[in-house]
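J.: Got a structure for you, questions after.
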Amino acid sequence: MGESKVKCELVNGHKWGPKAHLSALNNDVTELIQKSQDAKKFAYCPYSKFRVGAALLADDGTVFTGCNVENASYTLGICAERNAMSKAISEGYRNFKAIAIASDLCDQFISPCGGCRQFMREFGVDWKVYMSKPDGTYILMSVEELLPVSFGPEDLKIHGAQDLKINGSKHLEINGGLHTK
Ligand code: THU
């Protein structure tokens with residue numbers, strides 16, 4: 001997805017990192033954003049009335065879409081981005097190139113919530129997030145830029161841990177403590 005980038009200092013009233021870019025329109029990106037806008041039409045958001053759509057591009061070119069789905073039990077609501085990602089994961093996809101996000105906000109680019117950033121980060125830090133407006137313009141940032149110094153699956157790998165056998169069951173020794181496996 002080659003694109004021309006224009007450095008953008010102030011977006012949504014915030015100063016974005018030096019790597020944030022307001023990009024000129026590009027065909028592939030336009031298509032992905034269009035798909036996120038189409039997905040937004042299915043948003044189920046009777047409580048917030050805030051429609052969001054997402055289109056996730058897997059490494060083989062497959063696109064998974066998602067919308068936000070709210071619930072009368074408010075905390076059960078799920079964001080569009082997480083819906084699209086869960087659809088992809090549940091169909092065997094784990095490698096992603098990009099995700100486009102759409103909302104109805106005309107004056108600012110939709111920005112993924114912290115939970116969605118962490119959810120994206122689970123599947124790598126080096127892929128693209130297109131945050132769009134209804135007119136199709138967008139800001140491009142990587143997952144790494146959106147969630148710097150993050151915690152991820154690699155951090156759960158415990159170095160120097162030793163397997164011990166005690167009373168026939170397997171234990172893992174970590175810093176002198178014992179954990180049954
Ligand atoms: N929402 C998303 O789906 N994605 C975002 O990036 C931001 C927020 C949803 C969650 C909720 O249904 C509504 O927008 C208002 O927060």
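Heads up, the Cβ atoms here are built off N, Cα and C, so glycines get one too.
From a predicted model like this one, the values you see are computed outputs, not experimental measurements.
Marked as active site, proton donor by TrEMBL: Glu81. The feature substrate binding site is assigned by TrEMBL to Asn68, Val69, Glu70, Asn71, Ala72, Ser73, Tyr74. Here TrEMBL flags Cys79, Cys113, Cys116 as Zn(2+) binding site. Marked as domain 'CMP/dCMP-type deaminase' by TrEMBL: 27-154.
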J.: Provide, as an integer number of angstrom, the distance between the C-alpha atoms of Cys116 (Zn(2+) binding site) and Glu70 (substrate binding site).
T.: 15
J.: Using DSSP and collapsing to three states, where does Val69 (substrate binding site) fall: helix, strand or coil?
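T.: It is in a strand.
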J.: What subset of the binding-site residues Asn71, Ala72, Ser73 lies within 10 angstroms of Cys79 (Zn(2+) binding site) at the C-alpha level?
T.: none
J.: Please list, in sequence order, those binding-site residues from Val69, Ala72, Ser73 with the Cβ less than 6 Å from ligand 1.
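T.: Among Val69, Ala72, Ser73, near ligand 1: none.
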J.: Spatial neighbours of the residue listed as 'active site, proton donor' among the binding-site residues Asn68, Asn71, Tyr74, defined as Cα within 10 A: which are they?
T.: Asn68
J.: Looking only at the domain 'CMP/dCMP-type deaminase' (27-154), what are its DSSP counts of helix, strand and coil residues?
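T.: Its residues divide into 41 helix, 33 strand, 54 coil.
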J.: Just name the winner among Asn68, Asn71, Ser73 (the binding-site residues) by count of other CB atoms within 10 A of its CB.
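T.: Max Cβ neighbours within 10 Å, all protein chains included: Asn68.
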J.: When you measure from the Cβ of Glu70 (substrate binding site), how many other Cβ atoms are you left with inside 10 Å?
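T.: Taking all protein chains shown, Glu70 (substrate binding site) has 18 Cβ neighbours within 10 Å.
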J.: Taking the centroid of the Cβ atoms of Cys79, Cys113, Cys116 as the Zn(2+) site, which other residues of that chain lie with their Cβ within 8 Å of it, listed in sequence order?
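T.: Other same-chain residues near the Zn(2+) site: Ala80, Glu81, Arg82, Pro112, Gly114, Gly115, Arg117, Phe119.
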J.: So among the recorded positions Tyr74, Glu81, Cys116, who's got the most Cβ atoms within 10 Å?
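T.: The most densely surrounded of these recorded positions is Glu81.
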J.: With the cut-off set at 10 Å between Cβ atoms, which of these binding-site residues ends up with the most neighbours? Options: Val69, Ala72, Cys79, Cys113.
T.: Cys79
J.: Round to the nearest Å and give the CA-to-CA distance linking Cys113 (Zn(2+) binding site) with Asn71 (substrate binding site).
T.: 18
J.: Take the mean position of the Cβ atoms of Asn68, Val69, Glu70, Asn71, Ala72, Ser73, Tyr74, the recorded substrate site. Which other residues of that chain put their Cβ within 8 Å of it?
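T.: So the extra residues in range turn out to be Tyr44, Tyr47, Thr75, Leu76, Gly77, Ile78.
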